[in-house]
Amino acid sequence: MTATKQHKKVILVGDGAVGSSYAFALVNQGIAQELGIIEIPQLFEKAVGDALDLSHALAFTSPKKIYAAKYEDCADADLVVITAGAPQKPGETRLDLVGKNLAINKSIVTQVIESGFNGIFLVAANPVDILTYATWKFSGFPAEKVIGSGTSLDTARFRQALAEKLDVDARSVHAYIMGEHGDSEFAVWSHANVAGVNLENYLQDVQNFNGEELIDLFEGVRDAAYTIINKKGATFYGIAVALARITKAILDDENAILPLSVFQDGQYGFNEVFIGQPAIVGAHGIVRPVNIPLNDAEKQKMQASAKELKAIIDEAFSKEEFAAAARN
């Protein structure tokens with residue numbers, strides 16, 4: 001960890017449900033000293049209104065400069081957070097959003113780079129693993145300075161679901177979801193533990209709990225977004241707090257280990273793809289990935305997830321408007 005400057009600046013691109021919830025989380029938690037909110041021209045006044053509304057909470061939290069921003073404001077930002085994109089509708093998978101959101105992502109990243117920005121990108125728009133890869137390609141940045149929210153929310157859901165079943169605090173449950181933030185994600189059961197006790201051993205002392213319940217629990221975690229979208233139209237609170245946690249780790253140079261969408265350089269037998277795994281993150285971005293030794297079944301799931309993402313990337317970047325970036 002290194003000494004960090006006192007004034008931390010975040011630019012948020014996208015003031016929809018996720019973006020505005022993230023901004024609210026930053027204000028509530030006293031994260032960053034400056035927050036600029038960028039929206040498309042026809043929604044600029046909404047960003048102005050949200051900035052004003054959020055500023056009225058500052059007397060209860062901590063000082064912060066909050067305003068509706070423009071892309072030139074990215075020049076001296078420490079972090080640009082991208083939540084903008086077409087929302088996932090009922091019946092859609094995250095991967096269905098690829099075509100719509102790649103073009104949006106290219107426009108955003110191009111304008112951020114033109115400002116002279118040299119900080120860190122944090123991507124949350126879906127499909128997040130694909131769009132993190134796209135941000136890396138469109139920006140030309142080193143891979144360690146481009147981070148996706150990855151399986152951070154999935155992991156939080158997993159820990160909370162286990163905690164509820166076991167009647168313990170979720171913060172005492174240590175377990176990860178890895179792979180795609182989506183349908184091919186998987187639970188790393190082999191290393192799940194409660195306060196250091198292997199989950200399998202811990203369950204021996206828990207009555208009326210069987211293996212089938214674990215399968216149902218994981219499926220509930222994997223499909224949680226669909227459940228929420230069908231009931232209320234979108235998910236935003238959980239991912240907003242996950243983004244706030246990642247933001248704090250970066251701005252405070254914590255060297256925290258978080259499950260993120262990070263660049264693969266042979267860690268699990270594949271390259272040139274961003275996918276969810278634990279990684280050390282601090283002021284300069286990804287310090288290094290943390291490679292959990294997966295069992296054979298988990299390795300197969302990780303490789304299948306990566307293969308699916310790679311196929312989608314190759315198809316998407318074969319299109320003329322994105323092909324030049326793919327060759328860089």
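Here the Cβ of each residue, glycine as well, is placed from N, Cα and C on the backbone.
Here is what Swiss-Prot says about this protein:
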ACT_SITE  His181  active site, proton acceptor
BINDING   Val18, Glu39, Lys46, Tyr71, Gly85, Ala86, Ser107, Ala124, Ala125, Asn126, Ser149  NAD(+) binding site
BINDING   Gln88, Arg94, Asn126, Pro127, Val128, Asp129, Asp154, Thr155, Ala156, Arg157, Thr235  substrate binding site
BINDING   Arg159, His174  beta-D-fructose 1,6-bisphosphate binding site
MOD_RES   Tyr226  phosphotyrosine
TODO: Take the C-alpha atoms of Gly85 (NAD(+) binding site) and Asn126 (substrate binding site) and report the distance between them in angstrom, rounded.
DONE: 7
Task: Spatially closest candidate among Val18, Lys46, Ser107, Arg159, the listed binding-site residues, to Tyr226 (phosphotyrosine) (Cα to Cα) - done: Val18
Open item on the list: Taking the Cβ of each of the binding-site residues and counting other Cβ atoms inside 10 Å, which one has the highest number: Gln88, Ser107, Asn126, Thr235?
Closed with: Asn126
- [ ] State the three-class DSSP label for His174 (beta-D-fructose 1,6-bisphosphate binding site), counting H, G and I as helix, E and B as strand, and everything else as coil.
- [x] strand
- [ ] Could you tell me which three-state DSSP class Ser107 (NAD(+) binding site) falls into?
- [x] helix
- [ ] Going by Cα-Cα distance, pick out whichever of the recorded positions Val18, Gln88, Ser107, Ala125, His181 is nearest to Arg159 (beta-D-fructose 1,6-bisphosphate binding site).
- [x] His181
- [ ] Out of Lys46, Arg159, His174, His181, give me whichever of these recorded positions has the highest number of other Cβ atoms within 10 Å.
- [x] His181
Open item on the list: With Cβ-Cβ distance below 8 Å and at least 6 positions apart along the chain, what are the contacts of Asp154 (substrate binding site)? List them in sequence order.
Closed with: Ile177, His181, Glu185, Val221, Arg222, Pro259, Gly276
Task: Maximum Cα-Cα separation (Å), residues Val18, Glu39, Lys46, Tyr71, Gly85, Ala86, Ser107, Ala124, Ala125, Asn126, Ser149 listed as binding NAD(+) - done: 25
Open item on the list: I'd like to know which of these binding-site residues, Val18, Ala125, Ala156, is least surrounded, judged by other CB atoms within 10 A.
Closed with: Ala156
Open item on the list: Measuring Cα to Cα, how many Å separate Ser107 (NAD(+) binding site) from His174 (beta-D-fructose 1,6-bisphosphate binding site)?
Closed with: 38
Task: Rounded distance in angstrom between the Cα atoms of Ala156 (substrate binding site) and His174 (beta-D-fructose 1,6-bisphosphate binding site) - done: 10
